[in-house]
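Straight from TrEMBL, the features:
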- 1-10: compositional bias 'Basic and acidic residues' (COMPBIAS)
- 1-23: region 'Disordered' (REGION)
- 30-50: transmembrane segment (TRANSMEM)
- 62-81: transmembrane segment (TRANSMEM)
- 101-117: transmembrane segment (TRANSMEM)
- 137-156: transmembrane segment (TRANSMEM)
- 251-271: transmembrane segment (TRANSMEM)
- 291-311: transmembrane segment (TRANSMEM)
- 327-351: transmembrane segment (TRANSMEM)
- 371-393: transmembrane segment (TRANSMEM)
- 497-516: transmembrane segment (TRANSMEM)
- 528-548: transmembrane segment (TRANSMEM)
Amino acid sequence: MSEELARGPKESPPAPRAGPPEGWKKGGRLLSVLLAVNVLLLACTLVSGGAFNKVAVYDTDVFALLTAMMLLAALWILFYLLRTARCPDAVPYRDAHAGPIWLRGGLVLFGICTLVMDVFKTGYYSSFFECQSAIKILHPLIQAVFVIVQTYFLWVSAKDCIHVHLDLTRCGLMFTLTTNLAIWMAAVVDESVHHAHSYTSFQSNGSYARLAPDPERAGSLVGGDPCPCNTAVCQIFQQGYFYLYPFNIEYSLFASTMLYVMWKNVGRLLASTHSHGHTPAQASLFRETYFAGPVLGLMLFVVGLAVFIIYEVQVSGEGGCTQQALVIYYSFNIVCLGLMTLVSLSGSVIYRFDRRAMDHHKNPTRTLDVALLMGAALGQYAISYYSIVAVVVGTPRDLLGGLNLAHALLMIAQHTFQNVFIIESLHRGPPGAEMHETPPKEPCQGLTFANMDALHTLPACPPTPRLVSPSPAGPPETVAILLAPRGHWRRRCLKDISLFLLLCNVILWIIPAFGARPHFSNAVEVDFYGYSLWAAIVNICLPFGIFYRMHAVSSLLEVYVLS
């Protein structure tokens with residue numbers, strides 16, 4: 001034993017292989033960010049300018065820019081895939097946290113719906129190609145190719161920590177990210193102005209025009225001759241791709257988040273191929289739950305679909321049942337948001353009794369998830385506060401105003417408590433993490449003891465259950481098994497809570513994403529702020545609120561798997 005103690009600690013394992021020298025890491029990131037900002041500002045200028053008839057920027061100019069950006073991004077993706085295939089040392093590490101299966105699965109689902117939308121848009125533009133520019137037919141075809149290439153790229157490369165051509169890779173990833181944001185902006189502006197145009201169709205207001213096929217904008221390209229959509233097939237194509245716009249919007253945002261994580265992982269060194277933090281868990285739906293959360297969530301989901309159908313029928317009909325539809329809509333949302341607030345608060349209270357250790361390891365994916373949750377919630381916060389001011393300061397004091405005020409207040413509370421619950425869940429260690437003792441200090445690492453009594457003679461090595469056992473893996477597993485029943489009810493409750501919130505967020509995403517706009521049907525805010533200002537507030541902030549719901553769904557799915 002004395003000889004072994006005299007030898008001191010064993011040789012530490014070899015350090016991870018140092019990547020290629022990168023003394024200009026911050027400068028490379030800055031260069032790629034500047035490239036993205038300039039391209040994004042150019043795209044934003046054209047997209048916003050092309051949305052109005054009074055600006056001499058036509059939708060064909062926007063389509064030409066987006067088509068060129070998608071072609072360049074697709075060519076860079078092909079170059080990346082060929083380079084990594086030919087260079088085996090290009091990706092020495094892979095981030096286990098990046099690109100989880102539910103995120104990639106959602107990307108594939110939204111990508112398929114985007115391809116269907118491109119088919120509808122191609123069919124629509126082909127219905128009157130005699131008076132249309134060729135770029136309008138070419139744009140959806142190029143977008144379909146871009147979606148296929150990018151989806152395959154993110155499916156196979158989302159976890160890559162690339163270590164070759166670092167600056168070129170950063171610029172390529174940022175340019176591809178900017179392309180997705182530009183597509184997102186064009187879709188949001190197109191859809192928002194389309195809704196605004198439909199609500200003001202009874203007025204002779206020509207200040208609104210869509211990027212997609214508006215007869216006035218289409219006619220301006222051919223000397224004033226309109227391009228009417230009179231056939232039944234043309235109208236089916238037109239209505240079909242507008243209903244598929246929410247999937248295109250979510251696809252662009254999902255791809256942007258995955259590309260940002262890849263950009264953060266460029267040149268990153270990991271201690272091993274398996275990074276610290278949560279270990280992937282084998283989970284099946286409704287496993288280890290009390291079924292209360294899934295059942296209640298499914299009930300609210302079905303009721304929400306019925307409320308959405310009733311709202312759309314009554315608001316778009318000519319029977320004058322708008323107020324009744326708004327009462328039903330606000331009543332359902334108040335009940336749903338109130339339950340979500342209480343459930344989220346209950347989850348946070350359960351965590352007060354959870355002894356799992358907090359995971360403080362570096363994790364770009366988790367950092368981005370938290371930032372997106374907090375940032376996207378600001379959109380709904382803004383709409384809610386504007387509604388609160390309009391209802392409180394405004395003169396009407398009726399049932400609809402009271403429901404609107406309660407809805408706005410509960411929307412703020414629900415976003416706040418749900419964010420607290422999700423963020424705390426993402427920072428928790430895996431189940432059983434509280435059972436592991438603190439690892440010994442550095443001077444004791446690598447020592448081998450023949451007599452366990454000698455362990456007490458070393459001041460730097462306090463006695464721990466991990467070193468006393470002859471099997472190093474025995475005590476943590478044994479303690480976890482013995483103490484598992486004490487935390488079993490907590491895990492079941494947390495799974496129920498995450499599934500309930502997941503289903504509620506899905507229905508609260510479907511209702512606004514597919515056309516429900518009570519912000520314009522309710523005259524309180526329109527009369528208080530004026531239509532132009534209120535439409536600008538809603539059209540800017542609502543897309544962030546819609547994205548928040550879908551991003552919360554992906555985060556809650558991760559919470560369910562890791563609970």
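The first residue you see is number 1, and the count goes up from there.
Cβ coordinates come from backbone N, Cα and C, glycine included.
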Taking 3+ C-beta pairs under 8 angstroms (sequence gap of 6 or more) as contact, is the transmembrane segment (62-81) in contact with the transmembrane segment (137-156)? yes
Outside the transmembrane segment (497-516), six or more residues from its ends: residues with CB under 8 Å to it: 195, 243, 246, 249, 286, 289, 292-294, 296-298, 300-301, 304-305, 307-308, 311-312, 329, 333, 336, 339-340, 343-344, 346-347, 350, 418, 421, 425, 542, 545-546, 549-550, 552-553, 556-557, 559-560, 563
Intrachain neighbours beyond the transmembrane segment (528-548), with Cβ under 8 angstroms and 6 or more residues off its ends: 188-189, 192-193, 195-196, 200, 246, 249-250, 253, 372-373, 375-380, 382-383, 386, 389-390, 393-394, 415, 509, 512-513, 517, 519-520
Can you tell me which recorded stretch out of 30-50, 101-117, 371-393 has the most Cβ pairs within less than 8 Å of the transmembrane segment (137-156)? 101-117
So what's near the transmembrane segment (30-50) in sequence-distant terms, Cβ-Cβ under 8 Å and 6+ beyond its ends? 57-59, 61-62, 65-66, 69, 167, 170-171, 173-175, 177-178, 181-182, 185-186, 189, 211, 263
For the transmembrane segment (101-117), distant same-chain residues with Cβ under 8 A (at least six beyond the ends): 140, 143-144, 147-148, 150-151, 154-155, 158, 240-241, 244-245, 247-248, 250-251, 254-255, 257-258, 550, 554, 557-558, 561
Lying 6 or more residues past either end of the transmembrane segment (371-393) yet within Cβ distance under 8 Å of it, the residues of that chain are 257, 401, 404-405, 407-409, 411-412, 415-416, 419, 422-423, 519, 524-525, 528-529, 534, 537-538, 540-545, 547-548, 551-552, 555
